[in-house]
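*Asks:* Have a look at the structure that comes next, please.
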Amino acid sequence: MPSVVPTTSEMAATTTATTTAMEATATATAAGSPPAIPEKYMHKNRLQEFCMQTHKELPIYKVELEGDCHHPKFRCTVEVDGQQFSSTGSFSRKKEAEQDAARVAYEILATVGDDDVKELAGMIDQDTMFCKSILYEFAVKTKTIWPSYSVDCLKKPFTMFVGSVLYDGNIYTGESASNKKDAEQNAARAVIKSILATDNSCMIGIIRSKKELLTAIKSSGSTPTTFTPIKFTRAVAYAAYGRPDHVAPAVGTSANPSAKTVTGSKKRKGRVGGAEANETMVAKEH
């Protein structure tokens, strides 16, 4: 049976149909699966959606230039509902700095829960060593007036100290303590717990940043409040001074007021040792 050879027009039509089908397939594929947006460029969108869902004010970005014009670096701070969040470092592009600040804000705002607040409140209840530092950092980040501390001394029945702190127009009083430093830390803790009760994400973020450090200090067994106890040793005998054994003479000018006007050389001049003095007295008597 003789073979049928397609004409030129038939071959052209077949080629055109094939090309059209391939283009349609490519178009459909492109429309069905658009190229994915890199993760590092999604943070601003997530933060925007979160603010809309939680009825918070929309984020406001502020970018600061660091370095010179030839090698610029950018650092960003984003404000969300009155709270500020800063990028973890400086970046060569503004967009990258904004995305990083948005990431920090979203991770803090979206992960705050009642259990987190209780855990952090319990942490500062157990140890107050960072309370003043936490409150100071919070004041800086929220651009409020720095806290002002005052301490009162209570002498009945034992000497105790009670600290108060003026912060943001309010006065907070902490629990009593045996020294002034702890009294101020307790006052700062009262402010922190009051702010934590409002689920303030900025305060939560600051306390979280101290959590790992506090855990490391406790695991090492050394804290800033750790001190070496004083060891009392047996006193040296000073019988040569005519005093009972094991009783040392008082140290300092208060024990001998005239010592302020008498130099050491003059005091030694003509002095006879304790044993020699006794022999001299015996010789005179005879």
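Backbone N, Cα and C define each Cβ position, glycine as well.
So TrEMBL lists the following for this protein:
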| type | residues | note |
| --- | --- | --- |
| COMPBIAS | 253-264 | compositional bias 'Polar residues' |
| DOMAIN | 42-111 | domain 'DRBM' |
| DOMAIN | 161-197 | domain 'DRBM' |
| REGION | 250-286 | region 'Disordered' |
*Asks:* Would you kindly list the residues that approach the domain 'DRBM' (161-197) from elsewhere in its chain, counting only those six or more residues past its ends and only Cβ-Cβ distances under 8 Å?
*Replies:* 117, 120-121, 124-125, 128-129, 131-132, 134-135, 138-139, 144-145, 147-154, 203-204, 207
*Asks:* Mind tallying the domain 'DRBM' (42-111) by DSSP state, helix then strand then coil?
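*Replies:* Counting residues per DSSP class in the domain 'DRBM' (42-111), I get 27 helix, 20 strand, 23 coil.
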*Asks:* Using DSSP, how many residues in the domain 'DRBM' (161-197) fall into helix, strand and coil?
*Replies:* 17 helix, 12 strand, 8 coil
